[in-house]
Amino acid sequence: MPHALWTVWVLGAVISLSKEGVPDQPSSLSCDPTGVCDGRSRSLNSIPSGLTAAVKSLDLSNNKIASVGNSDLWKCVNLKALRLGSNDINTIEEDSFSSLRSLEHLDLSNNHLSNLSSSWFRPLSSLKFLNLLGSTYKTLGETSLFSHLTNLRILKVGNIHFTEIQGKDFAGLTFLEELEIDATNLQRYEPKSFKSIQNISHLILRMKQPVLLPEIILDTLSSLEYLELRDTYLNTFHFAEVSDPETNTLIKKFTFRNVKITDESFDEIVKLLNYISGVSEAEFDECTLDGLGEFRTPDIDKIKVIGKLETLTIRRLRIPQFYLFRDLSSIYSLTERVKRITIENSKVFLVPCSLSRHLKSLEYLDLSDNLMVEEYLKNSACERAWPSLQTLILRQNHLTSLGKTGETLLTLKNLTKLDISKNSFHSMPETCQWPEKMKYLNLSSIRIDRLTQCIPQTLEVLDISNNNLNSFSLILPQVKELYISRNKLKTLPDASFLPMLLVMRISRKTINTFSKEQLDSFQKLKTLEAGGNNFICSCEFLSFTQEEQALDQILIDWPENYLCDSPSHVRGQRVQDTHLSVSECHRTALVSAVCCALFLSILLTGVLCHHFHGLWYMKMMWAWLQAKRKPRTAPQRDICYDAFVSYSERDSYWVENLMVQELEHFNPPFKLCLHKRDFIPGKWIIDNIIDSIEKSHKTIFVLSENFVKSEWCKYELDFSHFRLFDENNDAAILILLEPIDKKAIPQRFCKLRKIMNTKTYLEWPTDEAQQEGFWLNLRAAIKS
């Protein structure tokens, strides 16, 4: 038993040591090696136990945690980010965050905190971000919450129950990059509550009613740079100027987001912007203009310009009574100093000529995502309209003719940049007229399939991305930047068309290859973005991309965005990491080697066939098979001859005068087959030989020096040789008419040579006394 306890203790010690320094991972959390723990949306009712000093970031948002205790986080001394948003937290004990001196990010938004305590935040001297939006507290506490948060840069407070801003609320804060206050139902504002904050870069104020807004604005004039007003109904907004326009202000920008404006409140906004003389930019986003454009306030006539306003941005403006709206002529004079105007997605179909002429300082005009057509654009760009305009953006309107659009804009003498992308032009005329100073033209996403001389020669920047171009064959001598992504090109454009090119973007399934020669031909090219294409990873392409040392200096998205699409076995691999086999990369050499090997094999086979008479074997086999396959016109006949005699023409005297006499005139007579006498005239000689041998019981070869030299005797000997193998019999009778060396018989007739070596053959005797015995033996051999 003691031994078992000792073993358990040792194992426990080892496990404990192995876990030292690594954050404990309760089952409800997932932690990575860097100490980032994720416990979002896991229906947790409390903060998990077992958290250690190794935890650097803890996200427990979207759970059901109801409280935070003093001991829940006391070991997390290195914690930098704590997210407890969207829980049910209603209680936080006084010392819950006492050990979190390294904490920089704290999110307690959307909980049920009815009271806030300064003791929570007192230890958090490193805190930079604090979000307290969306609970149920009505004030920011009895004492200053943030007086010890000297490093705080982003603060978000307030909720729909928040009713009061007090003078002490922001004490101790001197500089904030962003302050967001949900003051939807704010009822009381203590004057000078923001005075303690010396600088606020961005104030986001959500207010339903604007009653307290003027007072807040006046309090922040000297400390605020950017004011954003959200979700406000300005029907009762009234700004009473307390003095001449304020010059000692920091505010540079106003944003009205989801704000409802009436004709009357518009007049008040104009007065406000005029009073805050430093405002240079005004933005209206998702706003509603609930009026008819009847701006009748007498004071507006006294205002010739709106302070220093230079930039006006309007996005998604809604005008419920759009078709009853007036022409805005009463405020034309207010626009003369505006330099930049953006009106997006607001159903603009016309800028009246008179308004265009009043926009004397306008340099930038963006009318994207509206209803402009060529006919109304002509009225907008009338003579003396927009005299200073340099940039015009008409993206995603209803323009349909490139020729008409260019001709309409000829009145804009200073226009250098034009964006008419995402219009439905579909085609490009052969020639066009454009303002003479045009340097930039955006024709992306206009569905054209070819380029013509319509493109102005003065361009330095051309964007023709996302079209249906199959080729680029247009000379543009001054173009320095070309954007041609998402087209149907196969390779880079010819460098001779673009001699001054510095930057080219040709990514996203536009090309499938390019070469070193093509890249080098662009002598001034400094930047190329060609990633995201379906590259054919050929051996040449891989060799170039992997051997070129300076490729990453030109290709700005190399190597991450360069992937192979083919061959299929390397699809999806990075071009930089892809390698093909020797057989794929040296196909010509491989084919040459195979051809050489094949040629040598054929040559060797030919030599062997010649040496071993292979050609003869094939020729004879073919002839034999052809003869065997020929249809028989007559029924199969029996043996017609006792013997077929194969002999040389020079030995015909011996055969015809001696052999024939002795055999055919013998009683009973033998029937011999002689080629001179019995071959059928007109029949193929080889067929005659084969038929005669097949119809004969035996084949007699009259061997002599003449026989060996005779070509036809060789044929007869050849086919007899096949018969020996075909029928496996000994039908051959050899007669040596004169002494002959066995070696004179060709070696390919192995069967005949074997017969001469293993069986008796007849030799013609010169002695007449022995000739009778010769004939006797021959007759016996034929009968056998």
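The backbone N, Cα and C atoms fix where each Cβ goes, glycine too.
Listed in Swiss-Prot for this protein:
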type: DISULFID; residues: Cys31-Cys37; note: disulfide bond
type: DISULFID; residues: Cys353-Cys382; note: disulfide bond
type: DISULFID; residues: Cys432-Cys454; note: disulfide bond
type: DOMAIN; residues: 525-579; note: domain 'LRRCT'
type: DOMAIN; residues: 639-782; note: domain 'TIR'
type: REPEAT; residues: 54-77; note: repeat 'LRR 1'
type: REPEAT; residues: 362-388; note: repeat 'LRR 13'
type: TOPO_DOM; residues: 21-587; note: topological domain 'Extracellular'
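For the repeat 'LRR 13' (362-388), the mean pLDDT of the prediction comes to 97. Spatially, by CA atoms, the disulfide-bonded residues Cys31, Cys353, Cys382 include one closest to Cys432 (disulfide bond), and that is Cys382. Residue counts for the repeat 'LRR 1' (54-77) under DSSP (helix as H, G, I; strand as E, B; rest coil) come to 0 helix, 5 strand, 19 coil.
DSSP assigns Cys37 (disulfide bond) to a strand segment in the three-state reduction. Around the Cβ of Cys353 (disulfide bond), a 10 Å sphere holds 16 further Cβ atoms from the protein chains shown. Listed disulfide-bonded residues: Cys31, Cys37, Cys432. The one with the lowest count of other Cβ atoms within 10 Å of its Cβ is Cys432.
In space, Cys454 is the closest of the disulfide-bonded residues Cys31, Cys37, Cys454 to Cys382 (disulfide bond), judged by Cα positions.
Between the CA atoms of Cys353 (disulfide bond) and Cys454 (disulfide bond) there is a gap of 27 Å, rounded to the nearest whole number. In the structure as shown, the Cβ atom of Cys454 (disulfide bond) sits within 10 Å of 19 other Cβ atoms.
DSSP classifies Cys382 (disulfide bond) as coil under the three-state reduction. According to DSSP, the secondary structure content of the repeat 'LRR 13' (362-388) in residues is 7 helix, 3 strand, 17 coil. Every protein chain considered, the tally of other Cβ atoms within 10 Å of the Cβ of Cys382 (disulfide bond) stands at 16.
Under DSSP, Cys432 (disulfide bond) is assigned to coil, being neither helix nor strand in the three-state scheme. DSSP assigns Cys31 (disulfide bond) to a strand in the three-state reduction.
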